[in-house]
There are 2 protein chains.
Amino acid sequence: MRQIGIGLLGLGTVGSGVVRLLQDHKDKISAITGRELVIKRVVVHNPDKKRDVELPDVPVTADIADMVQDSTVQIVVEVMGTIDPAESYIEQLLRAGKHVVTANKDLIAQKGARLVDIAQQKQRDLMYEASVAGGIPILRTIVNSFAADQILEVSGIVNGTTNYILTQMNQKKVSYAAALKSAQELGFAESDPTNDVAGVDAAYKMIILTQFAFGMNVTLDDIAVEGIDKISLEDIEQAQNLGYTIKLIGAAKQIDGKINVSVGPALVPAANPLAAVQNENNAVVVKGAAVGETMFYGPGAGELPTANSVLSDIISVTKDIGIGITGNTFNNYRQGAALAPATAVKSAYYFALKMRDIPGQMLTLTKVMAETQASFKQLIQTSSDGDFAHVVMITHEIDLDQLQKITTAVANLDNISLLSTYKVL
Amino acid sequence: MRQIGIGLLGLGTVGSGVVRLLQDHKDKISAITGRELVIKRVVVHNPDKKRDVELPDVPVTADIADMVQDSTVQIVVEVMGTIDPAESYIEQLLRAGKHVVTANKDLIAQKGARLVDIAQQKQRDLMYEASVAGGIPILRTIVNSFAADQILEVSGIVNGTTNYILTQMNQKKVSYAAALKSAQELGFAESDPTNDVAGVDAAYKMIILTQFAFGMNVTLDDIAVEGIDKISLEDIEQAQNLGYTIKLIGAAKQIDGKINVSVGPALVPAANPLAAVQNENNAVVVKGAAVGETMFYGPGAGELPTANSVLSDIISVTKDIGIGITGNTFNNYRQGAALAPATAVKSAYYFALKMRDIPGQMLTLTKVMAETQASFKQLIQTSSDGDFAHVVMITHEIDLDQLQKITTAVANLDNISLLSTYKVL
């Protein structure tokens, strides 16, 4: 059987998983692709470090030039992470005629368009299924199964760390700080968790999903990003009392041919399938004009789930090589990006407020709402400690402009302060 | 731009949806496939019947020979349903060199293997994504994204009619008969609902899923099939009290390289994502050795969701024609079918029993359990009307052999009768 030579850049958790799956499912992969997939070379930062996997007779070096020049390697798997030097490495490899599979979402979200162009010029495949939602085959599904549909919205839970933290707060009634600490101890959060808890990681994934669902390239600056680090246990409990679960939701919506992309905490009704997504799992909802609402659920990270997505890319590239059709972009749906204006972006909102327990405050609040043409769906005064009353309200749909006006108006009031504001799904 | 001629067999609900999507998303489909897809001919039982869609200048006749002989048609979409004459029509079309896309699950489940062979002989594509779980792209996902993984189990809710009925019983606390009646009035159940409520429709879908997940061909005789028509409102309520929802679950599991396929009602824990699947929606869970648990959720039927799956097949065939690689089977993973023995198939079970309210009955019951080496996880005496006590028990895992022994032993007892038995997920 003819061979396909595989090169690995990086041999950490995901890299080891790729080696393991290639070894364990050798026969099935050969049966499907008609090729024997053989690891020919590994390049890592530190070749002397002890590894979990055994690769006898495979050269392991630190110099990217070794990989670039190895003519036995046709497909290189980049699982080293970070942008520098991964971007330059992938560029060199593509220019040298290698096909590339990567799991690097930061890179694809920020430099993907450029690398995709280079791959196309050189007629090489560049695939990155594992860059979004680890084990969920969401990118390939959008390409293959929504081609004849018009996607109206792609949204969901695309960061496992924050979902783990929120699940712990929900189930164990612990504070954000305590939940973060336990996530760090269990390895679900990094020692510097900023990228995850501030919503940046989720935003990178939404950049890639937006490209696939709408064919539009957006940047981090185009996305309203809010993290979970200001969510209090009181917010979680209050939401629960009202029948909601707070989740970090990434959403890209089409509004009159333009799009709005956001990442932020939102109240999800208990009956919504996203409310049931627990711990480090991810779920992506795709709404199509024809199909309606579909959801894809699974592990968002982890050695073998991510490695499986890498393997599905390797198999796809191998088939393309066999048929002689490499160089088609992973997603060939492209159109100019246009962002929806603030007045077109609508949602219901939850407001938690603290007001001095003196007559007339509720009247003041309802006046603010009336002036911005916003109406309540629910308004509850939950408790008073004598001096201050706690009030939560859920509005009917308002636009971002109205939201801004309400928060500014409340900030100017003497006896009412805004504790938190979240979208309501 | 070069054309691909499409023929339609049948122009009912799904057929009209296919016409609509082809018309509405013409430009996007052309951008992706590089071809213009044009409907060239329609064959239906009754050409004079008034239709919802307009197809000016397209000949509509009743004779399959018209389609077979039309050299402008390359891909035929079969959406007429039933086995006879669809099987013979598809065979004639494949032999005449047409590619075929079908949504006909009864046909594929029962005659698929034969038609797949004919297609392969003639180097033609035969695809049927819409035959399982309507709008959920589950077959293509298994082929593309689990190729490097070993699937351990594929299971879920694959019949919308029964899920609608069970959801109504659950939410509105109505009897099976009342829920069925309302489903019929709303068009979610047919006037003769047997195929759905007896679990046969779900079993056909499990035959196809088993083929894709395990490469094995099984028949209806290989599957233990139980319907929902004996589920009482009391069962539903009792399950709810214990924290479960009753769903009709199709499951194909790999056990030591052999498989077990079943369809039947099961108690699903509230935290399981399947418990949240409401009304006519479907959801398929795929457990992979590497990936772990993933779930794919969406509409199980309907004009446009099903039509979208048909379109994803048409686009796939069009790409294959463009590249010149038609004739590969939709699923090329095949191995000999071997069924797991009853002693290897294990599950927890729920038993609802009625026992005469006299001393010693609980002792008799616990003796039966001890003799079959089965142990309780929960045992609750729920109520007594003076003469009879109602008891429910949930066992730890037992095998099908033990299940058989327990039910036989209880049937032989004078003062205890078994009301219902369901699997517990």
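Even glycines carry a Cβ here, placed using N, Cα and C.
In TrEMBL this protein carries:
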ACT_SITE  B:K205  active site, proton donor
BINDING   B:L9, B:G10, B:L11, B:G12, B:T13, B:V14, B:G15, B:S16  NADP(+) binding site
BINDING   B:K105  NADPH binding site
BINDING   B:E190  L-homoserine binding site
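A C-beta separation below 8 Å, combined with a sequence spacing of at least six in one chain, links B:G15 (NADP(+) binding site) to B:L8, B:V42, B:V77, B:V79. Remark: B:L11 (NADP(+) binding site) has B:V19, B:V42, B:V44, B:R51, B:V53, B:V60, B:V79 as non-local neighbours, by Cβ distance under 8 Å and separation of at least 6 in sequence. In terms of C-alpha distance, the listed recorded positions B:G10, B:T13, B:S16, B:K205 place B:K205 closest to B:K105 (NADPH binding site). In the structure as shown, the Cβ atom of B:S16 (NADP(+) binding site) sits within 10 Å of 20 other Cβ atoms.
Take the mean position of the Cβ atoms of B:L9, B:G10, B:L11, B:G12, B:T13, B:V14, B:G15, B:S16, the recorded NADP(+) site; other residues of that chain with a Cβ within 8 Å of it are B:L8, B:G17, B:V18, B:V44, B:V79, B:M80. B:T13 (NADP(+) binding site) and B:E190 (L-homoserine binding site) have their C-alpha atoms 14 Å apart, to the nearest angstrom. For B:K205 (active site, proton donor) paired with B:S16 (NADP(+) binding site), the C-alpha to C-alpha distance reads 23 Å. A C-beta separation below 8 Å, combined with a sequence spacing of at least six in one chain, links B:L9 (NADP(+) binding site) to B:V43, B:V44, B:I64, B:M67, B:V76, B:V77, B:E78, B:V79, B:M80, B:A86, B:Y89.
Between B:V14 (NADP(+) binding site) and the residue listed as 'L-homoserine binding site', the C-alpha separation comes to 16 Å.
Taking the C-alpha positions, the distance from B:G10 (NADP(+) binding site) to the residue listed as 'L-homoserine binding site' comes to 19 Å.
Look at B:L9 (NADP(+) binding site): DSSP puts it in a strand.
For the recorded site, B:E190 (L-homoserine binding site), the DSSP three-state label reads coil. Distance between Cα atoms for B:G12 (NADP(+) binding site) and B:E190 (L-homoserine binding site): 15 Å, as a whole number. Within the same chain, residues at least six positions away from B:E190 (L-homoserine binding site) with a Cβ under 8 Å of its Cβ are B:T161, B:Q184, B:D196.
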